[in-house]
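Chemist: Per Swiss-Prot, transmembrane segment is recorded for 13-33, 34-54, 78-95, 99-116, 139-159, 165-185, 213-233, 243-263, 277-297, 299-319, 340-360, 365-385, and the stated evidence type is sequence analysis.
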């Protein structure tokens, strides 16, 4: 095995270990925020939605700057600093008793993610070949599902005692992740050239096709982020106890571990990436329409399972499409900007979802937010269809963008 191949092989094991710590640290805390502040403390869902949307918008919206810094400075210092900043945000969240404190803690957590997320994503592109990238994304997503359940179970158990313990556990996991990166991550350059930071950002903004694709995904993310806000609230309403939320993540893990990789392997041989993304989005939006009408917990979990199946179909294709369109001369900047759709979708999805939930309760129309989310998904589907019909997306190795290391 050549030294380059060995480095790629070891690097992928490192990425999996790092991803485990990050996902567990995140899911210990964030799925329980709406339960803690809306159900236990009685805050308006809009206030909590603003906090979650702020976190999403700052982390993903400023990702292009984090990516540009990583292109210039390398991945390691950005990742370590970002993980420590997120740990600090979690500590502050544990003592939040006013909305502004929750917003500040979410902002700190988001700034940490702005620093570590783009270089981590760029490392995946650097350490995988184009033809194996889709399968590696599937493995990461399977791991995400398993670790999210472990994190949510740990957080739910700790919430029975004190929310401060929930936040402390998340902070400790991110400190461990920072130490792990400081100890084992080499000083990789994540782009093929070391250009000025503004050059990488300009290169992204001039790429009209990439920009259009990223912004079109805003509606997709408005649906996907509801696993952190609206779905836990709805489960708690139907079940009457917050502990039932953990079963949502158990369903996700069971479906992902059993279906994600086989579906990815089967579909990549038969369907284009664009088709897989649109098919998954179709399943997601159809599953959301009736949720507000369901009062039986088993039926609700069946719809949530259908939503996750749609995500299982769509997510590997979405990630691979984004990587295929990225210019390797500015990997960090491209991966940072690719999160802008998530920033906008998260901010609108969280705050808008919380607002629609409050309005629906006030008007006694509980299905209002779910109908609107389904409609947004349908509009997004039409936008993607039109974009892909005009010009199908080809893998990066075929469209003239070299695969430098």
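Think of each number as a place in line: the chain as shown, counted from 1.
Placement of Cβ uses the backbone N, Cα and C atoms for every residue, glycine included.
Since the structure is predicted, the reported quantities are computational estimates derived from the model, not experimental observations.
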Chemist: At least three Cβ pairs under 8 Å linking the transmembrane segment (34-54) and the transmembrane segment (340-360), pairs spaced 6 or more in sequence?
Modeler: yes
Chemist: Should the transmembrane segment (299-319) and the transmembrane segment (13-33) be scored as in contact, given a threshold of at least 3 Cβ pairs under 8 Å and pairs 6 or more apart?
Modeler: no
Chemist: Taking 3+ C-beta pairs under 8 angstroms (sequence gap of 6 or more) as contact, is the transmembrane segment (78-95) in contact with the transmembrane segment (165-185)?
Modeler: yes
Chemist: May I ask for the residues of the chain that lie six or more residues beyond the transmembrane segment (213-233) and have a Cβ under 8 Å from a Cβ within it?
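Modeler: Sequence-remote neighbours of the transmembrane segment (213-233) are 30-35, 38-39, 45, 48-49, 52, 56, 242, 245, 248, 252, 281, 284-285, 288, 304, 311, 314, 318, 321-322, 325, 337-338, 340-342, 344-346, 348-350, 352-354, 357, 369-370, 373, 376-377, 379-380, 383-384, 387, 393.
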Chemist: Between the transmembrane segment (139-159) and the transmembrane segment (243-263), are there at least three Cβ pairs closer than 8 Å, leaving out pairs fewer than 6 positions apart?
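Modeler: They are in contact.
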Chemist: Counting only residues 6 or more past its boundaries, what in the same chain has a CB within less than 8 Å of a CB in the transmembrane segment (13-33)?
Modeler: 48, 51-52, 83, 86, 90, 93, 102, 116, 120, 123-124, 127, 139-140, 143-144, 147-152, 154-156, 158-159, 163, 166-167, 169-171, 173-174, 176-177, 180-181, 184-185, 227-228, 232, 242, 245, 249
Chemist: Using Cβ atoms and a strict cutoff of less than 8 Å, what residues sit near the transmembrane segment (243-263) while being 6 or more residues removed from its termini?
Modeler: 27, 31-32, 35, 135, 138-139, 141-142, 144-146, 148-149, 152-153, 156, 227, 231-232, 235-236, 297, 301, 304-305, 308-309, 312-313, 316
Chemist: So if I exclude everything within five residues of the ends of the transmembrane segment (165-185), which remaining residues of that chain have a CB under 8 angstroms from its CBs? That is, six or more out.
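Modeler: Answer is 14, 17-18, 21-22, 24-26, 28-29, 32, 36, 75-76, 79-80, 83-84, 86-88, 90-91, 93-94, 112, 154-155, 158-159.
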